[in-house]
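Colleague: OK, Swiss-Prot features for this one:
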type    : residues                                               : note
DOMAIN  : 25-178                                                 : domain 'Helicase ATP-binding'
BINDING : Gly38, Val39, Thr40, Gly41, Ser42, Gly43, Lys44, Thr45 : ATP binding site
MOTIF   : 91-114                                                 : motif 'Beta-hairpin'
DOMAIN  : 427-591                                                : domain 'Helicase C-terminal'
REGION  : 593-615                                                : region 'Disordered'
DOMAIN  : 616-651                                                : domain 'UVR'
Amino acid sequence: MQRFKISSEFNPSGDQPGAIDSLVRGISCGAKEQTLLGVTGSGKTFTMASVIEQTQRPAIIIAHNKTLAAQLHEEMRSFFPENAVEYFVSYYDYYQPEAYIPQSDVYIEKDALINDKIDLLRHSATRSLLERRDVVVVASVSCIYGLGSPELYSEMTVPIALGMKLDMCQLQERLVELQYKHGNRYERGSFSVQGDVLSVFPSHYEDRIWKISFFGDEVDSIQEVDPKSGMVTLKLEKIKIFPNSHYVTPRPTLLQAISEIEKELDECALQFKQCNKIVEADRIVERTRFDIEMMRETGTCKGIENYSRYLCGKEAGDPPNTLLDYLPQDAIMFIDESHMTVPQIRAMYNGDRMRKANLINHGFRMPSALDNRPLTFAEWEDRKPTVVYVSATPGQYELQQTGGVATEQLIRPTGLLDPVCIVKGADGQIHDVMCESQATIARGYRVLITTLTKKMAENLTEYMREMGIKVAYLHSDVKTLERIEIISDLRLGVIDVLVGVNLMREGLDIPECALVGILDADKEGFLRSTTSLIQTIGRAARNVEGRVILYANVITKSMRTAMEETDRRRDIQRKYNQEHSIVPRTIQKPVQTSLSERVGSSRKKVSRDTNTDPANRDIVELQKEMLLCAENLDFERAVEIRNEIKRLTAP
């Protein structure tokens, strides 16, 4: 068995050795939950990696957004190059859920754009969890959403070894059952046959094909082939073909599920008729019968996840299978930025249920569709393994769970102090932050600026661009892989300034950043709370020149608390440096190969300014409005906007 082994030129230093020992000791003594309070730049990721190495236990790290998950994934890959470090996030670039608006009698079909590259990484994650123990999965909160049963997923795998008796026709039938497509094109999740050779492109790889040669009904050879060059890269003795969908089901189980679906359909249609809802009764019968026929013929159907209760053999109301069910029992769960991630986990269930209720009440889905859902918070609590909450500002829940005790990691290995905080008047803040940015850029550093509204961020970005500054605007509409590219461009100097509304939530790790500008810091609210301010201040804590300017006309309670906590930490850090003769130095961190580069970014290399072409500007604005409508459950308006976008982009 491959063991976890960190590859790094650094050794634990500062508060890291004590934090690592404390967490490992707690895990060894059976502590179910612990909290790591680590300031920005103190090496929390290295501490997590060290805990994994010392305990030799599989781990999942849950982050509150895809950008942070991608950064953690890259860091963990660099620490564990010989181990399986996987990435599991939602594979939707765009997602509009199925919905019904009774007021206008409008049904909206599910509309989604799946990112095939992220789907590949999801399959790689589940495969690793089932095949080995040296696995670290970095995930977003999508890991608590329904996923196929790990038992069925594992049961459906097809092992093949040299010399084994195997009928090629039967193998083709098995591959179709695993949702592989038959064809001559080399694409992931497909297979083809030429003479006595069957070529299969596994669901969990993007850069290799397996060619299986037969001599009669016997496997004669197994070769790994580069799909681009056609060259043989490896000769194998055995392989295991994993399903191309997490919802594949053995034929007997599928037929049993169909029988149960038909029973519920009869009951559902009868209830509608008894209530004199003839339209709804006809609708549910027509839609469900169509799905049943598709499942009988192909093993799947559109929206098959809505029948997951039956496919996984669950009872009504049972928790769904999720990625957590693929984890070994002794796994460690790290909740990164727990002050943000825990509330996200808590909120997932209710929104999903409210939307499905309309579909069920009007005959678009049967009640069993309610079991295709994320875990409730209580279910998540029941299923979580050993947990370590990680944050610079742990929330009330985390501290309650750990009895108010937290392992502190305030001393950075580099000796860096928390940044100096300066308060300036909000009047004239745009001009001042422009001048401060230009001075910072002239010294070779980068700048982060956070505003209160998207409109203000857009206007500031446009103004700075007109003034000749290389600037980009980071916002929620930017796709996952493009967001990672923008952050990489900032570090490389392709851009010098990054503007955003809630930059602290993006998990930005920019050692080159020497200035953070917080506009309208005195406007109390979520974006200017104590927690948010401390997190945002921390963005400048990786550079010895780091400064934070808070633009405010009054000092609010949140500002005062955040600055006092920053000063407390600075005092502790300064005393430690004096006692150990440490001279602070900027964190040295190479710009690693981004996730998008490794899986093939779909982003076109175009100017950051999407507003140069009026037509492009219209489409971008419409896309933003469409996504906002979907988030606000205004699906009718979202569909209208989607249709308008299709009209504008038609050739």
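In case you wondered, yes, glycine gets a Cβ from its N, Cα and C as well.
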Colleague: Please list residues from the chain of Lys44 (ATP binding site) whose Cβ is under 8 angstroms from its Cβ, counting only those at least six apart in sequence.
Modeller: Leu36, Gly38, Asp336, Val390, Gln409
Colleague: If one looks at the chain holding Ser42 (ATP binding site), which residues at least 6 apart in sequence have a CB under 8 angstroms from its CB?
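Modeller: The answer is Gly14, Asp15, Gln16, Gln409, Leu410, Ile411, Arg412, Pro413.
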Colleague: When you average the Cβ positions of Gly38, Val39, Thr40, Gly41, Ser42, Gly43, Lys44, Thr45 for the ATP site, which other residues in that chain have a Cβ within 8 Å of that mean position?
Modeller: Thr47, Ala392, Gln409, Arg412
Colleague: Cβ-Cβ under 8 Å from Val39 (ATP binding site), same chain, 6 or more residues apart: which ones?
Modeller: Ala392, Gln409, Leu410, Arg412, Asp418, Gly538, Ala541, Arg569
Colleague: Looking only at the domain 'Helicase C-terminal' (427-591), what is the mean pLDDT?
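Modeller: Mean pLDDT for the domain 'Helicase C-terminal' (427-591): 90.
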Colleague: Please state whether DSSP places Gly38 (ATP binding site) in a helix, a strand or coil.
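Modeller: For Gly38 (ATP binding site) - judged by DSSP and reduced to three states - the answer is strand.
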Colleague: Tell me the Cβ neighbour count for Thr45 (ATP binding site), meaning other Cβ atoms within 10 Å of its Cβ, over all protein chains shown.
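Modeller: Looking across every protein chain shown, the total is 21.
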Colleague: Same chain only, sequence gap of 6 or more: which residues have a CB within under 8 Å of the CB of Gly43 (ATP binding site)?
Modeller: Pro12, Gly14, Gln16, Gln409, Arg412, Pro413
Colleague: Based on DSSP, name the secondary structure state of Gly43 (ATP binding site): helix, strand or coil.
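Modeller: Going by the DSSP assignment, Gly43 (ATP binding site) belongs to neither helix nor strand, so it counts as coil.
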